[in-house]
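Annotations for this protein, taken from TrEMBL, read as follows:
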BINDING   A:Leu20, A:Asn27, A:Lys156  xanthine binding site
BINDING   A:Ala128, A:Asn129, A:Gly130, A:Gln131, A:Ala132  5-phospho-alpha-D-ribose 1-diphosphate binding site
Number of protein chains: 2
Amino acid sequence: MKELEERIKKDGRVIGKDVLKVDSFLNHQVDPMLMEKMGEEFYKRFKDSGINKILTVESSGIAPAVMTGLKFGVPVVFARKHKSVTLSDDLYTSEVYSFTKKTSNHISIAKKYLSSDDKVLIIDDFLANGQAVNGLNTIIDDAGATLAGIGIVIEKSFQKGRQMIDKAGTPIYSLARIKAFENGQVVFEPEND
Amino acid sequence: MKELEERIKKDGRVIGKDVLKVDSFLNHQVDPMLMEKMGEEFYKRFKDSGINKILTVESSGIAPAVMTGLKFGVPVVFARKHKSVTLSDDLYTSEVYSFTKKTSNHISIAKKYLSSDDKVLIIDDFLANGQAVNGLNTIIDDAGATLAGIGIVIEKSFQKGRQMIDKAGTPIYSLARIKAFENGQVVFEPEND
């Protein structure tokens, strides 16, 4: 998505070897018009996949997920993060390790909002090591639901999440794919569509 | 907003004397089409107020705030919650007490996303005792920004937040105003517009 790549170049800040901060339009301040265009992109890619539910994780996934849900006309469920496991018969729970923050979170979704009837599109802000996607996928499996696709706003292709998803064969579409950070600059993978 | 009142009647669950759970369309599962209509309602009410920024608090405020931002064509900033104070020169911070959870959180906004040029509309999911609005208002004051209005999805008019805001004279518009819970049922204030 050209507009997103340009925005990342203009407003993103590269920190260290593998962190990109996009606080000005995605993770703290949100540009709703850009989110709407992201929703349209995800819809174009996945509209024939029979999606009837969108899953994401609070908080930064919510804005792109809700715009995507609007285009599909389907509900969005955002998983809640907890510091500790909240065991409950009413919840699906899984563990998510953050390499950036070096802490584990648990994420949970109320059982009544995910069932074996659901064909799910996961939407998330970043794909790095694939921990959040893995955590959501565990929950989708536990619910007997079907993972139909994964939509990512910004993928860091040099980390292992993308490879893991490709290996599993799940359809994935990332709006911006970062090949590397070179001298504090973002280098994108060539767009192939 | 009639459609919201009907949805609350249909899907809301009253718990105890003063808690309403709307997990099925606002706080965990989100109905994006309803969020869009909320955004339109807030826009209609505040379109002549010179709003150039929308503030909310993660996570449940994000969906209605982003849809409202889309209608206004302005950025949305969501305050981050922290368990402890994160003192930093780069952040505006204030304290928010939750009567429901009986815990204090701190909320913060990066200084670069709020300035004295900003005319702010606060959007939040619930108004009860007005703690979140107070916390955001402290931050708006610290930044020298102007609070132009407050848009609330569900107001529990019998708690003290509404009275506090009316006393301060800030324009407020709540899409659903709950007068009382009677025998586990929601009683709304009469709509006056």
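Just so you know, glycine gets a Cβ as well, placed from its N, Cα and C.
Keep in mind it's a predicted model, so treat the numbers as computed, not measured.
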Let me make sure I understand the structure: which of the binding-site residues listed (A:Asn27, A:Ala128, A:Ala132) has the fewest other Cβ atoms within 10 A of its Cβ?
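Each of the binding-site residues A:Asn27, A:Ala128, A:Ala132 was scored by Cβ atoms within 10 Å; lowest is A:Asn27.
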Any idea of the Cα spread of the xanthine site, A:Leu20, A:Asn27, A:Lys156, as a max distance in Å?
16
If you measure A:Lys156 (xanthine binding site) to A:Ala128 (5-phospho-alpha-D-ribose 1-diphosphate binding site) at Cα, how many Å is it?
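A Cα-Cα distance of 5 Å.
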Compute the mean position of the Cβ atoms of A:Leu20, A:Asn27, A:Lys156, which form the recorded xanthine site, and then list in sequence order the other residues of that chain whose Cβ is within 8 Å of it.
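Apart from A:Leu20, A:Asn27, A:Lys156, the close residues are A:Gly12, A:Val19, A:Lys21, A:Val22, A:Asp125, A:Phe126, A:Ala128, A:Ile154, A:Ile178.
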Per DSSP, to which secondary structure element type does A:Ala128 (5-phospho-alpha-D-ribose 1-diphosphate binding site) belong, with helix, strand and coil as the options?
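DSSP call for A:Ala128 (5-phospho-alpha-D-ribose 1-diphosphate binding site): coil, neither helix nor strand.
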With an 8 Å cut-off on Cβ-Cβ distance and a minimum sequence separation of at least 6, pull the same-chain contacts of A:Gln131 (5-phospho-alpha-D-ribose 1-diphosphate binding site), or say none.
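A:Val96, A:Tyr97, A:Ser98, A:Phe99, A:Gly161 - these are the non-local Cβ neighbours of A:Gln131 (5-phospho-alpha-D-ribose 1-diphosphate binding site), listed in sequence order.
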Name the residues of the same chain, 6+ apart in sequence, whose Cβ is under 8 Å from the Cβ of A:Asn129 (5-phospho-alpha-D-ribose 1-diphosphate binding site)?
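Result: A:Phe99, A:Gln159, A:Lys160, A:Gly161.
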Write down the Cα-Cα distance for A:Leu20 (xanthine binding site) and A:Ala128 (5-phospho-alpha-D-ribose 1-diphosphate binding site), rounded and given in Å.
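With distance taken Cα to Cα, A:Leu20 (xanthine binding site) is 11 Å from A:Ala128 (5-phospho-alpha-D-ribose 1-diphosphate binding site).
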May I have the list of same-chain residues other than A:Ala128, A:Asn129, A:Gly130, A:Gln131, A:Ala132 whose Cβ is within 8 Å of the Cβ centroid of the recorded 5-phospho-alpha-D-ribose 1-diphosphate site, in sequence order?
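So the additional residues around the site are A:Val96, A:Phe99, A:Phe126, A:Leu127, A:Val133, A:Asn134, A:Gln159, A:Gly161.
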Provide, as an integer number of angstrom, the distance between the C-alpha atoms of A:Gly130 (5-phospho-alpha-D-ribose 1-diphosphate binding site) and A:Leu20 (xanthine binding site).
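That separation, Cα to Cα, works out to 16 Å.
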